[in-house]
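Here the structure comes first, spelled out in structure tokens, and everything after it is commentary.
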């Protein structure tokens, strides 16, 4: 009897380990899946105006900050998630830059080094975005090495990372409002955002993650819902947009 109980406990422990591993894989790679339909939509239509590249800006900042949040111990899963998300955002920017270069009429060059706030994040070449990421990463590394012993700095770094991650859907919300349309934006992307944010928030709750993680997840869900309401308000044919 004791042997059977022991075997049952081992099976349950093995099943829980497998489920935990699968959940971690979903956390690492699941966040990139929403951008696949948007990537395909931009490729198909050769139009970038429906997708706000400032979503990429916020996610790049959030995930670079998270990588340098070395003063607190957090799961390796979240570190890998940040690296994968940075690569994904750079891939989205690369596609948008290529499409915009093909469609561009004006020959005037805009560079990151011009430090012109009017054209911030509206540069001509993909290399300019890489330069921004490099400069921001160097700045974060310098400040982190200088202030690593400061609890206030460490907590502030983590809070900023969470803030930028939580509001990453706001630029898309504003873009839709500015365009008075959601054409060019993949509804599948937003639906996957919503599903992913619900899963992520539940994951944080079940794993007793810091309270701010749960709050940020809830904020993201609300923003996702607001964008979906825009799709209905602007009268887009959801069936067509979903393919």
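A Cβ is built for glycine as well, from the same backbone N, Cα and C atoms used for every other residue.
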Of 18-39, 106-127, the range TrEMBL labels transmembrane segment: 18-39
Sequence-remote partners of the transmembrane segment (210-234) [C-beta within less than 8 Å, at least six residues beyond its ends]: 158-159, 162-163, 165-170, 172-173, 176-177, 180-182, 187, 190-191, 193-194, 197-198, 200-201, 204, 241
